[in-house]
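Engineer: Handing you this structure, nothing more for now.
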Amino acid sequence: MWKRWLALALVTIALVHGEEEQRSKSKICANVFCGAGRECAVTEKGEPTCLCIEQCKPHKRPVCGSNGKTYLNHCELHRDACLTGSKIQVDYDGHCKEKKSVSPSASPVVCYQANRDELRRRIIQWLEAEIIPDGWFSKGSNYSEILDKYFKSFDNGDSHLDSSEFLKFVEQNETAVNITAYPNQENNKLLRGLCVDALIELSDENADWKLSFQEFLKCLNPSFNPPEKKCALEDETYADGAETEVDCNRCVCSCGHWVCTAMTCDGKNQKGVQTHTEEEMTRYAQELQKHQGTAEKTKKVNTKEI
């Protein structure tokens, strides 16, 4: 019996002590404002301090935070902001709507230097297989003569091969030039055209995007070692294959040039739609190429000085 009275006495003392603590806390924290997500607490020294709210009331009034997360109510949002030390605001009332965002992981189709060099190697291998040595009573065909034959076959009469003519020449041997860097056949066909442009750029002395026979000969000369080009951006140089992101787009360093996707942030491919985002992307691409041009000029000057 006495144990029951003792337990009751202890409970009464605890309640009285709790009420006194609560009155003391209310008195100490009376003029303290802690802000959203925080509450006033009393330290061991009896001084007020602001701490993250320990537990919010369970009333249900969902809100969507600026971080895209749904909270049960305003209190839970501000409490989370306090606990994580981040700035979270109420975006709108209700559950957050699912956002269809475009991941910048979608990269543009590009011809890397490895793709370009592999295509070039296959073309040379195919042409070398057509070499016919001179016989006792017959004249064969050397490498230059074979190139001359193909050059004349695909030249439209202006003594130059442009990219479309070069591509037709390349497609003469479908097996040899069938580069499959992408699972999509359409992308692989696009890749081939891009690599043809990269090959033309290798020996296009006057930058007219056409090859004379001498330029064509240099491009496919087995002893010619294609140079490795890097991309420049903000006083830094990046190796082939390097990537950078801008908004919802990804830019890739390809054969010395930055190549960017052209996507709006709602996930739609831009095809002639003049939007503010597209203009920004155009300026960004121009800026990348400007840095690239400056870097190449600097490189030439340094080479001359050496």
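Glycine is treated like the rest: Cβ placed from N, Cα and C.
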Engineer: Tell me, from Cys34, Cys40, which cysteine Swiss-Prot puts in a disulphide with Cys29.
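Structural biologist: Candidates were Cys34, Cys40; Swiss-Prot matches Cys29 with Cys40.
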Engineer: Under Swiss-Prot's annotation, the disulfide partner of Cys34 is which of Cys50, Cys52?
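Structural biologist: Here Swiss-Prot pairs Cys34 with Cys50 via a disulfide bond.
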Engineer: What is the disulfide partner of Cys82 among Cys52, Cys195, Cys219, as given in Swiss-Prot?
Structural biologist: Cys52
Engineer: Just to verify a number: CA distance, Asn142 (N-linked glycosylation site) to Cys29 (disulfide bond), in angstrom, no decimals.
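Structural biologist: One finds 97 Å between the Cα atoms of these residues.
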Engineer: Quick one: what's DSSP say for Ser163 (phosphoserine), helix, strand or coil?
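Structural biologist: In the DSSP reduction, Ser163 (phosphoserine) maps to helix.
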Engineer: Take the domain 'EF-hand 2' (191-226) and find every residue of the same chain, 6 or more past its ends, with a Cβ under 8 Å from one of its Cβ atoms.
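Structural biologist: Distant Cβ neighbours of the domain 'EF-hand 2' (191-226) are 109-111, 113, 115-117, 119-120, 123-124, 127-128, 143-144, 147-148, 151, 158-163, 166-167, 170-171, 177, 179, 181-182, 254-255.
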Engineer: Using only C-alpha positions, which one of Cys29, Cys40, Cys56, Cys64, Cys75 is spatially nearest Cys50 (disulfide bond)? These are the disulfide-bonded residues in the record.
Structural biologist: Cys40
Engineer: Three states by DSSP: which one describes Cys29 (disulfide bond)?
Structural biologist: coil
